[in-house]
Structure formats: C-alpha cells, structure tokens
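**Student:** Below are the structure tokens for one structure; questions will follow.
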Amino acid sequence: MDPPNGGDTKFNNGRVKNQETIDLKIKSGTLDRYEKKLDAVENGSFPPTKEVADFEQAIELTGYGKFHYLLLVVCGFVSTSEEMDVICMSFILPSAQCDLKLNTSSKGWLNSIIFIGMMAGAYIWGSLADALGRRKVLIVISFMNALCIVASTFAQSYGVFMFFRFLNGAALGGSGPVIWSYFAEFQPKNKRGSMLSSMAAFWTLGNLFVASLAWIIIPQDIGYRSPTFLYNSWRIFLAICSIPSVLVAVFLFFLPESPKFLLTRNDHKKALEVFKQIYATNTGNDPEMYPVKSLVTKSNAIEHDTKKTTSFKSMTEEVAHNTKMIFMPPILKYTWISIVINLSFHIGYYGLMMWFPELFNRFDEYARAHNGSEQALVCEVTEFVVKTGSHSHVDLCSDKIESGVFLESFITVAAAIPSNIFAVLGMDTLGRKFFLVFSTMASGICAVGLSLITSKRQNLIVSAIFSSAISCGNAALDCLITEIFPTNLRATGMAISMVAARLGGIIGNIVIAALLDLYCPLPTYIVAVLLIGGGLLCLLLPNTTREPLT
C-alpha cells in the first residue's frame, strides 16, 4: 500500500525521504541536485550550515582550491606582464643605443618615461577601480598596454619611441594597484600573506621571461631593414613581451568581480553569486549547496546605492571623495608612510636593477679593450666607457653585445627564486615587517658592496645577492601596503602608493644614472641609505599578518 502524500517513502539507496519533497523536485527538474546534496550531508563533505555570514566567514566557507589557484595564475601573469614591460628596457638599451642615438642621459630618460606614464595612470585607474570595479578596469588596462607596446616597436626615432613608452606606462600604471586589490579581496585571512607572496613571485617569473627572451632573440641578426624603416631583433623581442598582456585580458573575462568590492557597494546579491561560483569550482558541488544564504557587512561599511549611476560626473565625484578620504585621519598616517616607503624602496630597486645589464655590458667592453682584463672598480670601468669608450662620442656607438651579458643578467634575476619561495612559506608566520626590514638591510649592504667590487664576477655575485634580497622585500611591501587600506579605498590608496613608487623609479633611473657617470660611487651610498631607512619606517605601520581585511 502506498503511503499517503506527505508521508515517508524509500527512494534509490533506501534513504527515507519525504514524498512531497520528491514530487516537488521531480517537477522542478532538480532531483539529481537534491540527491547530491543529501549525499554530501551524509558523508560529511557538505559544510556546516551558516545562513548569514560576513565576508571572512563567507570566503572561508567556499573552501580553498581550484578557483584560488586559477586566480593566482591569471593575476600572477598580470604582475608578470607588468614587470616584463618595465624591465625589458634594461635589455633593450645596449642594443638600441645606435638605432635611437642614445647616451647615458637619454638612456636614463628612456628607462624613466614609463614610470612617468605610470604615475599619471596609477591614480586615474586606481580611483576608477574603486568606483567601477576591479575586473573591468583590469581588462581595459591589459588591452591598452599590449597595443601601446606593439605600436612602440614601429617607432624609428627616439621621440616617437618615448611617446609610446609613456602611453604604455599610463596603461601599465593601473595594473599594479588594481591587481593587488583584486587578488587580495578573494583571500581568507589565514592564506592572504602566502598567496600575495606567491603572486609577487610572478615578478621574478617576468624577469626570467625577459632575460630568457633577450638572450634568445636580441643577439640574432633577424628582422627587416630598408633605407627608411628598421625592424630588428630588439623590436621583435619587445613585441613578444606584449603577449602576456593580451592573454590576461582574455582570461579576466572569465573571472568574477571582487566579492569584497561588491559588498562595499551593498550589492549583496552579486557578491553571493560570486561566493557560490567560487564554492562550486573549489568543491565540485552544486552552487546551491553553498551554505550561506545572506551576507552582512560591518556597521561601519560605506553605504552605496546598488543602482548607482555610472555617469562621468558621479565617477569624478567618487574619485574626488576617495582621494579626500585617503588624506584624512586616521588613514592619513598610513598614506604618508606608504608613500615614503615606496619612494625610497623603488629608488634603490629600479636605480640598480635596471642598470645591471648595462653594468655587465660596460665590464665586457672594458675587458675587450684591455686584453681580457676585468680587474677594475665599477667607477674605473664607467670612467673608461664614458671618456674613451662607446659613450664618449656618437660615432663610436656599438650595439655589439656578447651572449655572456644576457647569461649574467639571467643569473641575477634567477637568484630571486629561492627568496621568493622563502617569502611564500614564511610571510604568514614571520610576518610582513620581518621580511621588509631584513630585505632592505641586506640589499642596502649590497649597494655599498657594488662600489668595492673589482671584477665582472664579483659584480655578478653582488648583483645576484641584491636581486635575491630585494625580491622578498618587494613581496612584503606589496602585502603590507595592500592590507593597511580599507576595501572602499584600497585601490586608491594602492594607486597613490604606486605613484610614489614610480617617482622612485624615475629618480633611480635619471639621478642615479647621472651620478654614476659624474660622481661615482656616490649613488650606491644614496641607495643604501634610502633602502635601509625606508625599511625601518615600516615598523610604524600596524601588524596586518593574519588579520581580516578592513
């Protein structure tokens, strides 16, 4: 005899179910989904029910798995493409010096023009990301960046090349602050430090890609030549460096908006859909099995109308408001400290890192002119190149580069791999401040050591140690600055910090380059003081290790 409607019945594997529920599931076509949910509950794989949750609870209940690692790869390649675009100039300069008629001063400006563009772009893109969303801005930035790089390869004069490098920088300036904000806002607090450090390691991957490509492509006699147009190996190398930007723009189409950002806009419905998507990707379960049914924000969250207008006026008003908030207590203190740290750190980082290939090439030129002898101080080598070597007169220009120069550059950037692994493993235990202070102290000592070396081999050793030390400090600095700003101001705060970092890149490349030729070894001591002083300044910032994002 059949049980009455609403009674219990046996179904499939003997599990007792409510007949009314079964009839409803059959009509709606969701019986298989219902079966999976019951199986998950019975075998313990279904997470405990938590109907209402805040961001930290909601992101933890999504689990940690495939989605986060896919996100790491995509966001990591944004960092890779950014670093490739910046550092590629250090490999181009020795090859392009004849084509573009470069001297030390013009090389410094060519290294720096991208940072000038990045200063202009960082604030604009960062502010727009706080107003419009992280993902949309990142897609536009990536496509614009690739287009500008390819356009620059066709430039036949120094002025035109500088123009496209500026536009390249303007696009690139937004990727740093926006991608760090975007990636951090998908991470639970206990994983955030290690994952941000992992993303920072993609900078090293970018350096390795550039060094490898330069080694393979630039020494080759390839391309097209005519009396009026030249497209040679270094231009081909630069064009290939644009490929990661195109790829990440495509991949970003398949990723969601930051749920943390959506919550600050009070768009709880979309945020919940994102959490469901993350949960389904990580666990393989149906999105509807995600236990959280509604989301809450803290009482001090910024109120936004979810039906907000995206008119130009409303965007500019919000950008202006966010900028004002960054420079008001209690955030003002953190803003100024982050500006000073980024300025001092990046004067040292770019002031030396982007000149290592040039220094290797100068040692190589000195050795060729002195019957293979490399025994000379950096300042002696520089004096020779500037006064009697290839930099002494435009007619003496030589773009001949031995493959050993690229090998030495590759070794220098590869030296950062162990320190990046160390940072990933220790960022959430030893903390951001430990890595930043340790890094700046060690790299500051290396900067002083550069003035004392007497051979190319010693230059390689000190350069490799400097690269390794400063790499883990770069990861710690990015983690720390990302975490000290509240979500609704994070991209704007990061953007302003990045403006200071780009200014540091400009000073490092123009001032340090000029001083290297005129007042060697003064720039190495300046770099050492700035690195160590800036690193110690981080002790005034709050501890953000394993703390929730505000």
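Backbone N, Cα and C define each Cβ position, glycine as well.
Features from TrEMBL:
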- 69-546: domain 'Major facilitator superfamily (MFS) profile' (DOMAIN)
- 108-125: transmembrane segment (TRANSMEM)
- 137-155: transmembrane segment (TRANSMEM)
- 161-183: transmembrane segment (TRANSMEM)
- 195-218: transmembrane segment (TRANSMEM)
- 234-255: transmembrane segment (TRANSMEM)
- 334-356: transmembrane segment (TRANSMEM)
- 405-427: transmembrane segment (TRANSMEM)
- 434-454: transmembrane segment (TRANSMEM)
- 460-481: transmembrane segment (TRANSMEM)
- 493-516: transmembrane segment (TRANSMEM)
- 522-541: transmembrane segment (TRANSMEM)
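Quick one: where do these features end up spatially?
**Tutor:** Counting same-chain residues at least six beyond the ends of the transmembrane segment (108-125), those with a Cβ under 8 angstroms from any Cβ of the stretch are 85-86, 89-90, 93, 100, 102, 137, 141, 158, 161-162, 165-178, 323, 350, 354, 492, 495-496, 498-499, 502-503, 505-506, 509-510, 513-514.
Packing against the transmembrane segment (161-183) from elsewhere in the chain are residues 71-72, 75, 78-79, 81-82, 85-86, 89, 100, 109-110, 113-126, 128-129, 134-135, 137-138, 141-142, 144-145, 148-149, 151-152, 155, 195-196, 199, 258, 261, 478, 481-482, 490-495, 497-499, 501-502: each is 6 or more residues past its ends and has a CB under 8 Å from a CB in it.
With a cut-off of 8 Å between Cβ atoms, the residues of this chain six or more beyond the transmembrane segment (234-255) that come close are 71, 74, 77-78, 80-81, 84-85, 88, 91-92, 95-96, 99, 135, 138-139, 142-143, 145-146, 149-150, 152-154, 206, 209-210, 213-214, 217-218, 222-223.
With a cut-off of 8 Å between Cβ atoms, the residues of this chain six or more beyond the transmembrane segment (405-427) that come close are 90-91, 94, 193-194, 196-198, 200-201, 204, 207-208, 210-212, 214-215, 218-219, 356-357, 360-361, 364, 434-435, 456, 460, 463-465, 467-469, 471-472, 475-476, 479, 545.
Beyond the transmembrane segment (434-454), the same-chain residues lying 6 or more positions past its ends with a Cβ under 8 Å from any Cβ of the stretch are 345, 348, 352, 375-379, 423, 426-427, 462-463, 465-466, 469-477, 480, 520-521, 524-525, 527-529, 531-532, 534-536, 538-539.
If one looks beyond the transmembrane segment (493-516) by at least 6 residues along the same chain, the residues whose Cβ comes under 8 Å of a Cβ in the stretch are 86, 104-105, 107-109, 111-112, 114-116, 118-119, 122-123, 125-127, 129, 169, 173-174, 176-178, 180-181, 323, 326, 331, 334-335, 338-340, 342-352, 354-355, 382, 481-482, 484-485, 522-523, 526-527.
A Cβ distance under 8 Å defines the sequence-distant neighbours of the transmembrane segment (522-541), meaning residues of its chain 6+ beyond its ends; these are 333-334, 337-338, 340-341, 343-345, 347-348, 351-352, 432-433, 436-437, 439-441, 443-445, 447-448, 450-451, 470, 473, 477, 480, 484, 508, 511-512, 515-516.
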